[in-house]
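Summarising the annotation, Swiss-Prot assigns active site, proton acceptor to Asp175 and lists sequence analysis as the type of evidence. Look at Swiss-Prot and you will find Leu57, Gly58, Ser59, Gly60, Ser61, Leu62, Cys63, Arg64, Val65, Lys78 tagged as ATP binding site, backed by sequence analysis. The domain 'Protein kinase' annotation in Swiss-Prot covers 51-333, and the record cites sequence analysis as its basis.
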Amino acid sequence: MEIVINNISGLNNSFNNNNNSNNNDENEINFNLIKESIVNFKLWDINNKQIEYVCRLGSGSLCRVYKGRLNGKPVAIKVFSPIRFEEFKTEFLMMQSLRSSPFLISFYGVSIVEEPQKQCYCIITEFCSRDSLYHIMTDRLIEIGWNRFFQFSMQIILGLQSLHNRKPKPIVHRDVTSLNILVNEDWECKISNFSASRFNCLNTEYINSNNQNKSFAFCSPESSDFQDIDDDYTSLSSSITSKSDIYSFGIIMFELISRIINGEYSHPFSEFKDIKNDFQLLLSSKNGLRPSLPNICPEPLEKLYKQCVDQSPLNRPSCEEVIISLNQIRSFYLLPQTKKSWDNLVLKNKCK
């Protein structure tokens, strides 16, 4: 039985002590000005009275996430504090510009909610009941075989293709991780979390160097081509392109293949015990280190994985090329002798 909480401050009155300490006059924003300044905001503005907050699902450095209902329909609600206005604005501008795709999280609208002594911004999207791909892979009770691998991989790359082929400006996600791939009741993968995304990404971009939301294991080598500007920001190299997303997709391939063959989840780069922090991880990646697939990994999958995580972005395949390769590998897998051989790799883990 679901318990509806009409006042979300009753769940958690603040994001954290740091947010409270920063909740000063300069962070108090006139919300009427916000609605006027953000393109298309009014078209997507949802009256908060239409939204019911059911339960809190989790929280991160950027926002809190709730399960809720919009006019009786299950939804996910991301609540950003005032100091996270830029992240909210970026994600809204990205999501309202996306064309419809079955493998991108559906965007329903935005809302403004009042909490004690502050107002917060909300993004409302479809609710995915199976949580993230990461949570599915870490649950040993869920069986994942090669059919699921091809299903998940194809859905993710099709979602990326719809971003990279967007007209007139393509979108580079820049934070493709298994945590940002949500899975609905029908086992369909949905790319989510567009707060780090950018149009084109051909010019220099700026990111917060203290952003704890970034998953460094999925960062391409060119992502570490930065130089300090000041204490708060770094300048990213213009080399971050759609091929950086392909690298991240390759790391998700590693996660899935390792989970299938080993029977349990392996964090990317966890095999390298000398890597103690994110800086070492980024430096190691830049120097060519990659997570190692199990030595019994089928050769066609290993080849595609290595192409996706190639040191040079120019050598990585496009989404279209990955789709062709996945279809070819799946056809090869479905050959009776191949299927028997590959499926035996999974059966060995069940006997462990």
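Using the three backbone atoms N, Cα and C, a Cβ is placed for every residue, glycine included.
Counting only the Cα atoms, the space from Leu57 (ATP binding site) to the residue listed as 'active site, proton acceptor' is about 20 angstrom. A simple way to gauge crowding: the CB of Cys63 (ATP binding site) has 25 other CB atoms within 10 angstroms, across all the protein chains here. On the backbone, the CA of Asp175 (active site, proton acceptor) and the CA of Cys63 (ATP binding site) stand 16 Å apart. Val65 (ATP binding site) is surrounded by 17 other CB atoms, counting those within 10 A of its CB over all protein chains shown. Looking only at other Cβ atoms within 10 Å, the busiest spot among the recorded positions Leu57, Ser59, Asp175 turns out to be Asp175. Mean pLDDT for the domain 'Protein kinase' (51-333) in this predicted model: 86.
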